[in-house]
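If you look up TrEMBL, you'll see H112, D135, H137, D139, D215, D217 marked as Mn(2+) binding site.
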Amino acid sequence: MKLDQAYSGNVFICSSEDYASSKAVIYGMPMDFTVSFRPGSRFGPARIRQASVGLEEYSPYLDKSILDAKYFDAGDLLLPFGNAGRSLDVIGEYIRGLLADDKFPIGLGGEHLVSWPVIQAMYEKYPDLALIHIDAHADLREQYEGEPLSHSTPVRKAAELMGGKNIYQFGIRSGSKEEFLYGRENINFYPFEVAAPLKSALPKMGQRPVYVTIDIDVLDPSCAPGTGTAEAGGITSKELLEAVHLIAGSDVNVVGCDLVEVAPIYDPTEQTQIVAAKLIREMLLGFVK
Ligand SMILES: [Mn+2]
């Protein structure tokens, strides 16, 4: 008799065991080697999967069920601990494989630097790509303590690669003065708020291909304390869900997404991975067409 493995924490709830017939692929990037404050996001992907067993299959927001969605949970990438550069290569290579197979990637972080090789691979495939970045932090530094491979640099790298005017940042409430100046000059920069500016920005993106990267720390620490660089003054989980639904209901063509910086050890209530799991369900049902 096959035992029910729902509580093993190995896979996101209701994922298919068949890669070939799956449209979307959930994969984990358990890396936290470059964080500037508290480590622990390497344990994010596994704990989000564990929390997913508490989800209903049905989304009343979208009137859809994950039982009708075909998605494969690939598990976590095997990353060489302590070697950020090589880890990013592994991630980039994996994403290029997914895109070659015409899959929709849904990444679980891990620190935010893991999104950088994903964005590079996405941009290779979609030269007219736009990036939606929802985060408490601007992530626009050129380097941190002399190190260009840092979780505070991925969006600056993306801006230099694809042009800042193809990037839309929401919810930003922390960064250096230089980052805020750079953002205001070079990026479609919407600090502090998320849902309201998204409503005006989405029509400007038309039907473009869009990659969506969400840092869980855009939420107020009262909604998501389990993150390495918690930042007071954030939005509620209700507003972040609304943001996902606004994107899902717009004309943009979402081609991939990730959710990063869940560090479960700082949240004994497990609320952070519980909200993260629900966000993944809504992104899966809303973004994968
Ligand atoms: Mn952040």
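Note that Cβ sites are derived from N, Cα and C of the backbone, with glycine treated the same way.
Automatic, uncurated: that is what TrEMBL annotation is.
Given the structure is predicted, the values throughout are model-derived calculations rather than measurements.
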Taking 8 Å from the centroid of the Cβ atoms of H112, D135, H137, D139, D215, D217 as the cut-off, which other residues in that chain fall inside it around the Mn(2+) site?
H133, A136, A138, H151, V218, T229, V260, E261
Counting only residues 6+ away in sequence within the same chain, which have a CB under 8 Å from the CB of D135 (Mn(2+) binding site)?
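H112, V155, Q169, F170, G171, I172, T213, I214, D215, D217, V218 - these are the non-local Cβ neighbours of D135 (Mn(2+) binding site), listed in sequence order.
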Under a three-state reduction of DSSP output, how is D215 (Mn(2+) binding site) classified: helix, strand, or coil?
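Going by the DSSP assignment, D215 (Mn(2+) binding site) falls within a strand, counted as strand.
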Below 8 Å Cβ to Cβ and six or more residues apart, same chain only. Which residues does that give for D139 (Mn(2+) binding site)?
H112, H133, H151, S152, T153, P154, V155, R156, G175, D215
Going by DSSP, give the three-state secondary structure for D139 (Mn(2+) binding site).
coil
